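Presented below is the structure to which this report refers.
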Amino acid sequence: MNDVSQKAEIKEMLASDDEEESSPKIEKAYVPKLTGTVKGKFDEMEKHRQEEQRKRTEEERKRRIEQDLLEKRKIQRELAKRAEQIEDINNTGTESASEEGDDSLLITVVPAKSYKTPGKTKDPEDLDREEGNGRTNHEEDKMRYEEECRVLKEAKCLSLVMDDETEAKKESHFPGKLKSTFEELERQRQENRKKQAEEEARRRLEEERRSFEEARRHMVNEEDENQDRETVFKEYRPGKLKLSFEEIERQRREDEKRKAEEEARRRIEEEKAAFAEARRSMVLDDDSPEIYKTVSQESLTPGKLEINFEQLLRQKMEEERRRTEEERRHKLEMEKQEFEQLRQEMGKEEEENESFGLSREYEELIKLKRSGSIQAKNLKSKFEKIGQLSEKEVQKKIEEERAKRRAIDLEIKEREAENFHEDDDVDVRPAKKSESPFTHKVNMKARFEQMAKAREEEEQRRIEEQKLLRMQFEQKEIDAALQKKREDEEEEEGSIVNGSTTEDEEQTRSGAPWFKKPLRNTSVVDSEPVRFTVKVTGEPKPEITWWFEGEILQDGEDYQYIERGETYCLYLPETFPEDGGEYMCKAVNNKGSAASTCILTIEMDDY
């Protein structure tokens, strides 16, 4: 019966063990990891890190145990030396006491070993559990052993002090003995502190080296991952993203600039072609007046007066065009001479610092514009010349900047390759690593300085491009102003053709002020100059005043009154957002008064 019952119990235990084995297997089911995914790599890295941490803890534990053993041996040697000194000093009657004291001090604490009681064989799971419990018990025993070692050290120190005191009492006939013992203790304590500090510094160095190794290993892993990604995605280049975007942005700006130049060139060609056709038609009209006479006589019998009036108008228009062309040629020649003089005066300074020369020329043009001594046509011609000169210079600068950037990129790549080879050498020969463990950091610092320098150069280049765009924008504004002036002249000519001359004659006969050219609504960019122009006639000459939002504006630096015959201007050298609003020009004489208003809109500058 006993055998049967024992067999039944064994079967039940085996069944219970199978259930216990099955339950954790169900709970901790094996999930295959995708080796190619990022999650699988992170899991592998985590497992690798945990294994390294466990190895480090085991090495640290072994090192501490060895250090404790060395300290114990040192203490034993010091106690033995101390006993020999006491024996030499006493020589009589104290040998037994000193030996007993030394024996008491030489007691060593041995950690209790965990004895296993013999018994019956158990299952592998029970053995694993017992091993786990044994590990925890072993760690607790080690902690207890370290605590006991610490207490033992304190007890030894106290016993040394007590022995010194008893020896001082016994040997009172030796003056200065107590002081010498305290000095020795103080020396030992300082030496221990020094050793502890050295050990702490050594430990920190080891930790820093390990962290540096881990960081370098992570960097190598990241580079390997980047190389794998490069093989999968050939177009993806890590580290070049910013440069590629900047190159794309530069190309986009160059394309826009090229398109704008082509558009302006096409517009100028169209204007030239239209002007040539108009001149050709005018020449044909002058060569064959008889044809027009016959046509007009056939269509209109009383048309002689109309033909004569048209001929007079054509003659006037031709004379005005010839006069304007001659004035334009004369102004162009004068401006060429002025520009040549400026170039001769600037000389070598312009060659050494082209950008500074352009800015000075630009400032001079602004001063001339503010003083009101030149018109928009002069500004346009000068800006065209400056643009023709500056395009080549800007292109040269862009090419130089690109060459510099390429050289910097090549240097950075070479240094990175050198650093990578140095890291390989360090991995192969770890003895050299301990001599200079922070070479990679120094190279990274130099690389960061180069990147900062390249960023500053890129910022300078962007500022120069913005200056060029600003000059182009101002040139466009001048073109728009000239176009507006041309339209105004055409409207005036149209009004003359439609018979508005009779109204002008009536206004001039009355003598009251009358605006030939009234104010018009304008818009200007913030901080740019603006000019309000009117043409006023009257007999006697009217007095002109300018008003802003119902308040009179006095002539000064901020608001400049300009008068040229019948043309009156209000010039603002610089505009602000608060300058936007309603402006009025008022003309008064003894025959009457007249006023013209407009609205100024200030637009914000996007540059």
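Cβ from N, Cα, C; glycine included.
Residues or ranges marked as compositional bias 'Basic and acidic residues' in Swiss-Prot: 1-14, 40-85, 120-143, 167-221, 228-268. The region 'Disordered' annotation in Swiss-Prot covers 1-143, 165-268, 419-444, 480-514. Per Swiss-Prot, phosphoserine is recorded for Ser16, Ser172, Ser281, Ser288, Ser296, Ser495, Ser500. Residues or ranges marked as phosphothreonine in Swiss-Prot: Thr301, Thr502. Per Swiss-Prot, domain 'Ig-like' is recorded for 513-601.
Secondary structure at Ser281 (phosphoserine), taken from DSSP and collapsed to helix, strand or coil, is helix.
Residue counts for the domain 'Ig-like' (513-601) under DSSP, helix first, then strand, then coil, are 3 helix, 55 strand, 31 coil. Mean predicted confidence for the domain 'Ig-like' (513-601): the pLDDT average there is 90.
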